[in-house]
Each structure stands twice: as C-alpha cells, then as structure tokens.
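> Before I ask anything, let me first share the structure, which is written out below as structure tokens.
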C-alpha cells in the first residue's frame, strides 16, 4: 500500500551506496564522490548495501547505475521498498524475542496477565509509527537496526551477556549513532558483569573484549588491509563531519531547538521594544541583530543573532555533565540498570548533542517501551513520548496523501495502545492518559491543523520555517517534560518521600482539629439506614497496581445493596507508617465517584487509629 508514497532523497542515497559498493573496489568506497550522497555509514552497513547489490543486479542491472544525477525507475522503487519489508522481518522476530525475554524475567504472578503483557508489548513495538513513517514511507532501514538492539537487550535479559555485547558491537558497526548507548553499556558491564574483581574476572574481561573487538576487526579490517591507516582515517572523516552545524535543517526537538527559538524571539523582540542598549549592557549577549540563517532549512554552520554561539565542545561538555548520573543510580535489578542507563544516555546525547537528527528520539522511545511494560511508574513518560515521537517525524512527510497516512497511522497506534493497556491492566482512560499528556495531545493536534489548514491562509508563501519551528519548539517542550519526569522518578525518591511526609503531617493535623470540633455533635444511630465499607489492596506481584472496592450494606439486615470495584494505579511510593500517602487518594476518588449512586450514611475505613505510631502526637 505504501510503495507509491512520497519518495525522499534517501532512495537515491541508498541506491547510490549500492552502486558504489558494487562498481568500486573496497578501497574506494569511502572516497567515491561522483554523487553528493557519499557513503557515510560504518563498514557493516556498506557490506549490507553490497549484499543488496547482488540481488539488485539479478533484478535489474540499471538499479546499480553510478552517476551524479538521481536515478529512479519502477525497478528502483519496488526493489528498495521490498528490501525494507524483507529486513522488517528481523525486527518483527526481535520484538517477539525481546517481549518474551523481558516478561519471563518479570512475571506478575501466574495466569493470563503475563501472556497479555507479552502480546501488548509485541504489538506496541512492531507497530511503532515512527519506524513505519521513517522506513516504509520516507525510506531507511531503522527497523533492522533496532531489531539488532532488541536482540542485544533480549540476550542480556536472558543472562547471555557476551552475546548481548557482541550484538551491540555489531550494531555500532552498522550505524554510529548508536554510540549514544556506549556509556550505558560500559556502565552496565562495569557494574553488573565484571564484578567481583578477582582472578576469574580476567576471563570475563577477555571474553568481553573479544566480543567487542571481533566485529570491529571484521568491519574495519578489510579497509585497513586495502588502504592502511589512511583508509581508516577516511572512513572516520565521513562518519563524523562536524562542519554540518549545531542543528539539522529541521531542528531535532532538543535543548538547541529551545535555544534557537529563544534566540529568534530575542532577535525579533529586542528591536521592537528598543532594548538594544540593555542587551549590550549584559556583555554576554551578542546583540548583532544579523538575520539568522538557521531558519533557512540549510545544513550548514551558523551563528546566533543574540545569544552566544555554540561549538561542538560546548555540546560535548553539556552531554558529559548529564551522563554523570549514570554512576549514581540506585538499581534493584540488572534489567533496570540496562534500561535506565540506555534511556538516560539516550536523553543526554539527544538533548545536548551536536547536529542531532529528529529520528534519534527513537533511541529514547524504544527502550522506554520496554521499561514501561516492566515498571508502571514510567507509564506517563511512555505515553507522552508515544505522542511526541511520531509528531517529530511529521515534517519529513509533507505531501497531501501522505499527510492522511501519517495522521491515520499515528492516531490508530495511540488508540490501539490505550486499548492494549486497558486490556492488560484493566485501567480506565484517566489512569492511562493523564491531564498533562492529554494536554500535549490536544496541543500537537492543533499544531497540525494550523500547519495544514491555517498557515498558508495567513502567510501565503512566506514564513515557511514557522511550522517547522513550532513543531520543534512544542516537541522540544514535550521531550524536556519527559526528561524531567524520568529523572525525577529515578533520582528524586528521597525528595518525594520527604514531601509526601510533610503533606501527610499537615493533613493529619487538619483532620484531628476537625475531629475535636465535631466531637460535641450528637449522632443519632436511628438515622442510619446504609453502612458502607471501602478498602484497597495492591497486587503482590505488581505493587503499582491495586484494586479499590466499595460495599454498601443495609444497616439492619447487613444485606449487600451496592458493590463496585476498580483497578487503579498507585502513583505514590510505599512509605512505612505513611500508607495513606499511597492509598488515600485513589480510595477517596473512588468513593466520590460512587457516593452519588447510592445513599451512604456511615463509611467505615480500616486503619490503625490510636495504635498508630504517630497517634500520641495528638
């Protein structure tokens, strides 16, 4: 169905790479510049293109034409579309293997819930809309690469640590963007695989070193043999072109998108409000007021108009600073360290990296899918990223028909995701999509309406950069919120506990004061017709889920006249002697939801009362 969709320049990029690897000797692959689309992926991907070229030659030799101008025929189009579908099979298999390995490692009791979790995780991974948009419409091979990543995760979940390291090393030699994960994997193997450091750790170090070195040898070795160290240097110069500028032509939704947006706002606002002298007085701002070039949609180095310029060294320092928390995570399981580390490392590189592409947000999103099915604390962050991630890819696909495809695909995925989560956990919509995430969903929907229907009516053929800038800015805010949520959950448990205790103490004092006021009031038991009892109980295997129930009985006969229960998420921590922090709010919400459906004269709630350790304060 998607074969005749929008054709991006990546069709010519990958076709040209096939032609280069087929027509040129290996020593010339990374020197060839007949086309502007030079080979700039690591050697394993070049070998992959070489393999495809043999099949392409059998289909139609013209596919492998090496020339400066783009070459597109039906044979090229269909062959490349089919090649993506073929390697998607690896991704589908990897999704099934990863889902099986993760859920088997974290069983929630016995019964069908684990089967439902595996199925839901598998579907969520396989139908990730960003991968479909990037690979099956825009055209790339990201699914194949994330399939290798998932196989690496699955191997580690299954305690096959050397296989996991080998697969990750292979992935690095397919695409160097996965260097984002290197600090995470280094930390994981340093803390979880190599200890205890004794005589036997030498054999573990040797095995790990071999697993990492072998792919590098097979990847770069042939080029070293063909061109000595010069050949390796040429490959590296293609892999790391630092002269492309701070941001891509379409800004990835990270810190530098916020920085560019703020610079542009200052560039426009300072002259209007005649604040040039105040700007110059800061001695930090440039105040040159030269028209910025970062809004022209060109990949190049550029200067900021008002804010200080950013260099690669600035982005490196910022990234390294935000990688430091990797050393201070409190982790209870190995799988948590792996997933926390990869997500945290992905955030640091994506948020502060030099010339980051929008598709790199998937490097946060894919492990976040796994984490959310392992630990429900991260469900809100996962839902937010499920909304933001596909929206960041929307500007890549902009023709009318494809607009309908991308909107339908994303909306269908989000609806399916909510249905799957409800199917697995029996949670209501409000417990799956919180107000913040609902607000972001509405905001990006309004943004897309503006981009498609309103912008051209207002600005005609001018301000072309504005829809892209708004997309980057709004999505950058969403990514920032998700980063903050993740960081808060992982690192701020002590702060959360202290805040919760303070809140509980204030509420206790208020309740006791109210009890003293009402102690003198007379209570006539003759007016009691219905007595209700409410309670809540967390699932032993998943303490972030609980069942809250309410029963209403006729007082004189104790006949049950009304009953209701519901599965709820417990968003607060378990704090000994402060159980109300975790359980009171969902119980109160449930009672308020049902008290209008049946008369309740007396409500009984089980608690420690005067036997509680803090009761003597009052």
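Cβ from N, Cα, C; glycine included.
What TrEMBL records for 78-99, 119-139, 145-170, 177-194, 206-229, 313-331, 338-354, 383-401, 407-425, 437-459, 465-491 is transmembrane segment.
Please go over these features one by one and say how buried each is and what sits next to it.
Outside the transmembrane segment (119-139) by six or more residues, the chain places 2, 5-8, 10-11, 14, 80-81, 84-85, 88, 91-92, 95-96, 98-99, 102-103, 146, 150, 359, 361-362, 365-366, 369-370, 373, 389-390, 392-394, 396-397, 402, 405-406, 409-410, 413, 416-417, 420-421, 423-424 with a CB less than 8 A from a CB of the stretch.
Nonlocal intrachain contacts for the transmembrane segment (313-331), taken as residues 6+ away from its ends with a CB within less than 8 angstroms of a stretch CB, comprise 183-184, 187, 246, 255-256, 337, 340-341, 344-345, 347-349, 351-354, 487, 490-491, 493.
If you look at the transmembrane segment (338-354), the same-chain residues 6 or more away from its ends with a CB under 8 A from one of its CBs are 153, 156-157, 179-185, 187-188, 192, 242, 246, 252, 254-256, 312, 315-316, 318-319, 322-323, 325-326, 329, 331, 360-361, 363-364, 367-368, 370-371, 374, 479-480, 483, 486-487, 490.
Residues 113, 116-117, 119-120, 123-124, 127-129, 132-133, 376, 379, 383, 386-387, 390-391, 432-433, 441, 448, 545, 567, 569 of the same chain lie 6 or more positions beyond the ends of the transmembrane segment (407-425) yet place their CB under 8 Å from a CB of it.
Among residues of the same chain six or more beyond the transmembrane segment (437-459), those with a C-beta under 8 A of the stretch's C-beta atoms are 380, 383-384, 387-388, 391, 394, 403, 407, 414, 466-467, 470-471, 474-475, 478, 481.
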> Determine which residues of the chain contact the transmembrane segment (206-229) at the Cβ level, with the cut-off under 8 Å and only residues 6 or more beyond its ends counted.
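Apart from its flanks, the transmembrane segment (206-229) reaches 25-27, 30, 42-44, 161-163, 165-166, 169-170, 172-173, 189, 193-194, 235.
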